[in-house]
Amino acid sequence: MSIDIRKTNTGTADGRNDMLGGLRLRNEETNEIILIPTPTNDPNDPLNWSKPYRFYIAVLVSCAIFFSNFLAAGPSVAIVSTTESFFGPPGPDFSAQVSKIAYFFTTTALLQGMGNLIWMPFVAKFGRRPTYVTSFILYTAVAAWAGGATTYGSALAARILMGFASGVAECLAPLTISDLFFLHERGAAMAIYTTALSAGVGAGIIVAGLITINLSWRYIYWVSVALIGVCTILIIFTFPETVYNRQEVTEGTHTHIETNGKDQDEDIEKVQFDEASASGHVPNAPATKRTFWQNLSLYSGTHTKESLLKLFFRPIVLFTLPPVLWATLVMSVTIGFLVAISSNFAVAFSATYGFKPWQSGLCFISCPIGAGVGAFFGGHFSDKVADRLTRKNGGIREPEMRLPAILISLVVAPLSLVLYGVGIDRNWHWIVPTLGLGLLNMAIVQATNVSLVYTIDSYRPVAGELAVTQLAFKYAQDKPFRCHVCDKAFGRQDILKRHVLGHNGSDSGAKRYKRMSNAAPRVAQACKACAGSKLKCDEDPSCRRCVAKGITCERDTRFTEIGEKTSPDTSIQSTIDQELFIPVLEPSQLSLSEDDFSKFLKGVMTPVEGQESRPIEQADLASIHHHMYDPLLSHGPLDFRVDGDTRFDDVAMDLWDLPCSPSFYYNGILLEPKASAAFNLQVQTPNPANSARPAVLGHVAYKESALGMWEPSQNDHLNSNIKALSVLGDSPQDAIQLNSLEISSQRFKPLSVGLRDQLLLLTLNACKPESKLAIIRAFPHPEILSKLIESFFSHHSVQTDSWIHGPSFEPNQQGAELILTIVNMGTMFADSKILHSLGFALHEVARLSLPVMFERANSMTRALWALQAFVLDIEMGLWSGIKRKMEIAESQRQMPFTMLRRGRRFSNAYTAADPPLPEDTGETLQNKWLAWIEQENYNRLIYHCFIQDTQVSIAMSTCPLISFSELKTPLPESSDLWLAKDAEGWKAIYLREKRLHARVSLHDYFRNAAEIDCSYDVSFCQLVILSGIWGMVWQCLQTIAVLNKPTHSDPALTLRQQEIIQILHRFRVNMMGDEAGWQDGPVTMMYHLVYMHLHIPFEEVELFAGKGHQSDARHALSVLLDWTNSPESRKAIWYAGQIIRAAEMFEPGRLRGFYTIALYQANLALWAYAVVSQVKGANKNDPILNPEEMVCLNGPESPLVQRFISRGVPSVAIIQPCAPQHGSSPIRLMDREAVVNYVVGILSANFSHVDAIPPLVENLEQLLDKLGRAEIDV
């Protein structure tokens, strides 16, 4: 390449014939470095300034670019809080709002590059200093504007202007460095620039993350404004103009140098280089030095005669040069990698390692470290490589001699991406992707520096335009909007939307979608041949495998009769349609007949001899109704899947794969409660074909039920339920009410958005990081939460042991944890499986949040609302029907009891609240009412805990944790007083009631036989007293079990048992009244349940039924054989029949929780008596006798009953169906399947008005059904 250098003016823009390509950098004879460009003798020549001052300016302009990227990227770490500031708390459009805030950063980046097309002509025309000063004053101003903007439009405008003002620093820095440094120095100086260019992003994210730990996102701007302001002041007062026109001071100098040619003019070349090397300067230069203030002048004239229009188009033309195109691609690709990683690193580190934003930001410390290493290899190292090759080339420097140094980046860049991507994907230690970030920044700095210096060396006269070309192209590649199907990026959101729509209609789109969607569902049922071989089958009547083998394709008819089959293609397309275009379904489309479910369950739950049980597949459920989508069909209360067994206790709440739609779920939640259906207690006819193998079904039934032992698997963990929150979709905009038992008579103030956000925060702290964004979108609106609170109180206000005061309850003044637990309980009363799922998921959140609250402030262990939340959360887990939740809740019961006990709440240590006086009014009366409410809340909470403790003891055969002898707290006062709407109503009721003595406690009742009059909440007190009697019964039963001898052989035990019976008798006489008074289902059931347990070895009964091993059942049989020969057994079954009678008294929807277990225990007592009697020879097919010769166990007490109990005559016991089925035939006790079906019918009838049955009720129905069909091999 021949270069003709005329007038060595490498610092001017006019000298377009300046040297391009190779040149001699070292003296051919002395091998000393030749200063290029050649400096003049002018003291104003920047090349003559001191080296420290030149490097100071290089550092200053590098700081300028550092702060440009610092504020451009830093605030992105707080994008969520920024969104909330401009658009309010997260709602249904939160993801769209986040996308709008993302424009803050994408528009800034775009203007940083494209704005240089406008700035660069002015830089070339008027110099560096005016542009620096103008742009940074503007940058400081708009940064302050952006930090203080209060509207979205204002903030977006500020960010756009910020990009325009800050981007010019990226172009000016290379030009300034080129003005200040010789060719052999540029590598090191440019390394400082590229380091700042890369480190600005990382440092901004690190600092911004640390700021947001305790401060608002706006402080990111305030800190940045301070830093940028300091940089602006330094630019104004210390940065001179660096453009120097050497053409004027070298006029007349003419040198011809021909390089890289065999015919070099060695004499001329030698003279020129010897002169330059000897003096180091071009002669005849002016020597007048400008003053400090002259150097700081904003206008120093024009530096080129070219028009601004020509200067504007030059960067576009330069892009056609191959070296420029290559260098631009190097910068774009490497920085593009960093942009891609920066857009997802926070989510990736949060999802994989659970890092908080500031922790993820700290991982970016590796970026400046890597940038520093890259600066060495891109600067000093590349200079050394180029210098070495120059010496080998006889002192002739070619621009390409710097390029071998870039080989380091060719290795490091791919390695960094592998470390980051694979480390995140395979959950390697966090240091691996962090190391990848550092290596990527090293590659960016090194490759960018080498390529940029290469192009500047090649095309020095157009260095500024080169920088504009590269930077503008780099930012033009920013495409922030990515398709969730194929991961393709787009620059505009509307283009992305059209692209996503295209996935629905193309095969390629479907293929790309495959990795994001569920796999095609399995067939509804494999044929027998394929099932036996465990091979894949298809939906054809005769599958292809059987046709190929020439065998008959047979299928079990249990499955094919349920519903029509669904073609795989239709299922796949339906799944895609649901996830991309969610339809708004009518409530009628969400219904599914109970008959379909019962048939389905009967088919899949009944073991067939010779066929292994298998989990219910999604295709099985889809076959029920192929064109309808029920959110819980795939993973709901009917999907009993644990380790391959059909275990119907583990109600799967994992709804992760369901579509997110605002109306899909909530449109099925009705505005008004359905009318309560009449009882339908038709006896189900047993199916002889479903008989099970002996000695198997009973044991399997207990193993699978909620009352069996929990065997944790790897699938049982915290987040197995919380995932349900992320699929509810955006909440609908229309009004929603819940299908509660009855319309609440009380209306609460709407839940505030702030309290709703506190609930959301508790949820986000408990869930996995990758679920957070989906949960933010899906979390219910305050309106829905308010309806759930009303749903809870509509049930709680009529609860026998009501213990949270509704009339004075103000949701927005309560702790978030209490509101969360109330919402959870409210979901259980809604006729929606989706809301049941929501409640169970939020139950996990509350269970984790409450201990944190108590640890954060130990004083909360004495706070009323905190204790109420704790007890309510435990209660939900106890009766959830999910073994995991039940076991955890059972283990937590001791904690609130201890808090109450240590707070001296069990004793009468607190002074009674002042009673109202007739003259009390206004604030005085209100304060007395509130003081009374607080004390009564505590009293009711204590006794509710006592009742709950007793219920757990009975249901789970455990020792009570609270002794009846330690409760000296006054018993609850009347329900009328408790439910008074306001202070005036409370005062009127209080003064009307007669109060003849001090308030009595449970301790007083047993000690002094105190009377409970109408000034007490009689039903509540009855449950409390029965719970106290249970403590005595438990002690008696444990003594009998330990001594292992019948009560009639031990006078002391007999006496103790008689004392308990007398207490129960006195209780009935004094409190239960006549037959008309037996109308409260819970009290009546509890009374007979305590009596039943007193006369039955219930643990032996459960072992005999299959709760233990078969050897336990055989041992229990010997005990039960003696039991059935005694009057104790007939007393027990009589009280069991009365429990069934009490269950029929429950209002629709009220037979739930503990009382369903009580009904199960009564049924089990009848079942055990029937089975053991058959072992002894009783025949269930004996003809029905006259009514006078039969005893009705669920009828009123009569002399015939007493004769049956004492003598066993008559020998035939029956269950008579209740009033709606009065004409039905009586059910013989020996026909245990019919008895079980009748009891299951009571449970079903109590929830016949709803579609969503509580999981525990559904669970016990399954258990009883299996026990009814079980045969015991004795």
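Every residue, even glycine, has its Cβ placed from backbone N, Cα and C.
According to TrEMBL, the protein has these features:
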| type | residues | note |
| --- | --- | --- |
| TRANSMEM | 55-81 | transmembrane segment |
| DOMAIN | 57-506 | domain 'Major facilitator superfamily (MFS) profile' |
| TRANSMEM | 101-124 | transmembrane segment |
| TRANSMEM | 136-154 | transmembrane segment |
| TRANSMEM | 190-213 | transmembrane segment |
| TRANSMEM | 219-239 | transmembrane segment |
| TRANSMEM | 335-355 | transmembrane segment |
| TRANSMEM | 362-381 | transmembrane segment |
| TRANSMEM | 401-422 | transmembrane segment |
| TRANSMEM | 434-456 | transmembrane segment |
| DOMAIN | 481-508 | domain 'C2H2-type' |
State the residues, same chain only, that lie 6 or more residues beyond the ends of the transmembrane segment (55-81) and have a CB under 8 A from a CB inside it; answer 'none' if no residue qualifies. 98, 101-102, 104-105, 108-109, 112, 132, 136, 139, 143, 162-163, 166-167, 169-170, 172-173, 176-177, 180-181, 189, 192-193, 195-197, 199-201, 203-205, 207-209, 212, 216-217, 220-221, 224, 227-228, 231, 234-235, 238-240, 242, 342, 346, 357, 360-361, 776
Output the single range from 136-154, 362-381, 401-422, 434-456 maximising the number of Cβ pairs under 8 Å to the transmembrane segment (190-213). 362-381
Are there residues at least six beyond either end of the transmembrane segment (401-422) with Cβ under 8 Å to its Cβ atoms? List them, or say none. 187, 330, 334, 337, 341, 377-378, 381-383, 385-386, 389-390, 393, 428, 432-433, 435-440, 442-444, 446-447, 450-451, 453-454, 457
Between 136-154, 219-239, 434-456, who has the most Cβ pairs under 8 Å to the transmembrane segment (362-381)? 434-456
Predicted model, mean pLDDT over the domain 'C2H2-type' (481-508): 50
